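Worksheet: one structure, shown below.
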Amino acid sequence: MWQYIIKRILGLIPLLLVISFVIFMFIHLIPGDPARLMAGKDATLEEVEEVRQSLGLHEPFVKQYISYMGNLLQGDLGYSIKSGAPVVDLILDRVMPTLGLTFLSIIWALVIGILIGVLSAVFRDKWPDRLGMLTAVSGISLPNFWLGLVLIQLFSVQLGLFPTGGDDAGWKSYILPSFALGAGIMAMIARFTRSSLVNTLKQEFIRTGRAKGLSGTSIVFGHALKNSLIPVVTVAGLQFGFLLGGSVVVETVFSFPGLGRLLIDSIQFRDYPVIQAEILFFSLQFILVNLLVDILYSYLNPKIRYD
Amino acid sequence: MGSLLQVNNLKTGFHTEDGMQTVITGIDFEVNHGEIVGLVGESGSGKSVTSLSIMQLLHDTPGEIIDGEIIYKGEDLLKLSEKKMRQYRGNELSMIFQEPMTSLNPVMKIGKQIIETISLHLNMSGQKAKQHAVSMLESVGIPRAKDIMNEYPHQLSGGMRQRVMIAMQISCNPSLLIADEPTTALDVTIQAQILDLLKDIQEKTNMGILMITHDLGVVAEICDRVIVMYAGRIVEQATVKEIFNNPKHPYTKGLIDSIPKIGAGLDELYSIPGAVPSPKNMPKGCKFAPRCEHVMDICNLEEPALAMENGRSSRCWLTQEQSQQEGVVGHGQ
C-alpha cells in the first residue's frame, strides 16, 4: 500500500512541472504587451517600464522561467498590483475560511447523502426511497444562491439563529453557507450511492452472505456498502476539488471572505499575479484531491492496488 | 440413515406482471443423513429455485414460497421466524454456489470472510476463530492457509476460491450442504478434485449433500440417489445405478444420451430437441410431451402422476402402461 502511495506521489512531479509551465505562460499569452495592460490605459511610458522591470518581463524567456520557478519553490508568488501586498499573504488569509467551509460542506453532504442513498437502495420503490429521491432531486434542482437567500431569510432574519454573513461569528458563520453549498453535493452523493448499492445488492456474494446467516444490516454495511463506494468517492472527490477553489456565488451571497471572492475581485482589477497564483493553487488542490481519491480507490478495491 | 430433510408438496411461485406464476409445482423428496442426492435437470427446470426455497433465500428474486413443508430434523423451516432461520443458515444448512469468481466478497480478505461465519454461529472469537478458519482452509486442501487468510479472492484461482467457499460453508459443521452447480464453472481436472473433496468431507462428517447439477457425469461420480426435475416438477427419482442402467422417463434417457461418449464422432452427439417450456406456456398434458420421441395421444391430454414402483418413481404414461402390462402378465403366470 505504501509503495503504491509513494509511486503515485513521485508520478506527480512531471505533472506539476507541466502545470507550472502552463501557468507561467499565462502572462505571456495575454494579447498585446502585458506590462502596458497591467499598468493601465493612462500609465506613462516610465510607469509601464517600471511594471515591466518589476515583473522581470525584460529578461530573456528562459531566464524568466528559471527565476519564476526559483521564486515559486521559495514560496514567493509576487506582489498584488492592486494592493501591493505579497500574493502569498492574500491567499493565506482566504484559505482557512474556504477550507473550513469546504470540509464542513463535504462532510455533511457525505454523511447525509450516503445515509439517504442506503435507505433508498434498501427500501427500493417503497416510501423511504421516494422520499429520499425527492430530497435528492430538490437538492440538485434548487440553485444554491436561492437556497442561500432563503436560509438567510429564515434562520438569520426571522429566527436570528445565525449571522447573515461574514466569518466573524465563529462556527456559526459556517453553518448556513456550508448548507447552501453542500445541498447539491449531498443530493448527487445520495443518487450515486443508491444506484451503486442497488447494483451491488444484486451480486452473488450478497447471496453468499445471506447463506452464511448474516442479517440484512450486516450485509448492507459489512459487505455491500464498501463495494458500492467507488462512484461515490469519485463524485465527492470532484466536488471537493471544485469547492476548494471557493464558491463565487455562495461566498458572495453570504459576504464570506473566501478564495472565490478573491478570484472575482482579482479578475475585475486585472490583478494578474493574484490570478496566476490562484490558478496555481487550484491546480495543486485538484491534483492532491485526485491523489487522495486514487488512494481511496485502492483502499476500497484491492484489485486496483495490485494491478 | 434417517431422514434429514424432507420436502413435502413444495410450491414456489414468481410474481410477474400477469400475477403469480407457479414454477415449482408441489414437489416431494428427502435427503437422508450421510447421503448425496443429485438434483438434475436443464436450465429452467427449477433446480436452483428449489434449493433457494429450502434455504429461504428468495429475498433478492421475485420468488415466494406458496405452500408446502420443509421439514429439517423434524422442524418445519417454513414456520420459523426470519431471525431463527438466520441461525440455521450457514450453521445447520449451508450452501455453495456455482460461480466461485463472484460468490466471495471481492473487497474483503478471505480470512475475514470465514471468521465472520465462525464468530456468527460458533461463539468463538479472536484467536480461536482465526485458528479454526486456518484449520478449515487446511482441511479443504489449501496450501499455505495462513497466508491465504490475508489475501483477497482475486488473488486465487477459480478452484482455490471454490475450496475457500467450501471451507467457509462447512466451517460450522452443517448437517446439510446444498451445492448449486459447484463444479460447472471450473476446469475439468479441478472439477474432479472438488467432487473428491466434497465426497471426502461427506464421508468424514456424515453430512447430507443436495447436489444440484445439469451434469450427469457429476451425478455418476458422487451421488447415491438422483432426482430428475423438468418444468418445475419431479419426473423421475431413483438410485444412481437404476438411473444409468434403466432410466424410466424419456427425459432422463435423453439426458443420459446427451453425455458425450469417448470414441463417438461429433455428429453423433445427441441432444434433446426443443427447450423447457416457460411457466406461461405450459403444455396441457405431460410437460415433456412436445419434446418426447414416444409421445402418445394421452400425453397431450392429461399429465401423468408420479408413480412409485419398487422404491423408485417416474412421471410417464409409457412406463406406467408398460408396468401395468407387466403386472397383467405377471398375474397371468
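Note that Cβ sites are derived from N, Cα and C of the backbone, with glycine treated the same way.
Just so you know, TrEMBL annotations are computer predictions that nobody has curated.
Taken from TrEMBL, the feature domain 'ABC transmembrane type-1' applies to A:95-293.
As annotated by TrEMBL, transmembrane segment applies to A:12-30 (among others). Through the fold, the transmembrane segment (A:12-30) approaches residues 37, 55, 57, 61, 64-65, 68-69, 72, 272, 275-276, 279-280, 283-284, 287, 291 of its own chain, all at least 6 residues removed from its boundaries and within a Cβ separation under 8 Å.
Proximity of distant same-chain residues to the transmembrane segment (A:99-123), defined by a Cβ-Cβ separation under 8 Å and at least 6 residues beyond the stretch ends, is recorded for 129, 132-133, 135-136, 174-175, 177-179, 181-183, 185-198, 201, 216, 220, 225, 232, 236, 239-240, 243-244, 247, 256, 258. Positions annotated as transmembrane segment by TrEMBL: A:99-123 (among others).
Through the fold, the transmembrane segment (A:144-162) approaches residues 169, 172-173, 175-177, 179-181, 183-184, 247, 249-250, 252-254 of its own chain, all at least 6 residues removed from its boundaries and within a Cβ separation under 8 Å. According to TrEMBL, the feature transmembrane segment maps to A:144-162 (among others).
The annotation transmembrane segment is assigned in TrEMBL to A:174-193 (among others).
According to TrEMBL, the transmembrane segment annotation covers A:229-250 (among others). Cβ atoms under 8 Å from those of the transmembrane segment (A:229-250) belong to residues 94, 98-99, 101-102, 105-106, 109-110, 113-114, 117, 144-145, 148, 177, 180-181, 185, 188-189, 192-193, 195-196, 256, 258-264, 282, 285-286, 289-290, 292-293, 296-297, 300-301 of the same chain, restricted to positions at least 6 beyond its ends.
Residues or ranges marked as transmembrane segment by TrEMBL: A:279-300 (among others).
Tertiary neighbourhood of the transmembrane segment (A:279-300): same-chain residues 1, 4-5, 8-9, 12, 15-16, 19-20, 23, 26, 72, 77, 91, 226, 229-230, 233-234, 237, 240-241, 244-245, 259, selected by CB-CB distance under 8 Å and a gap of 6+ residues from either end.
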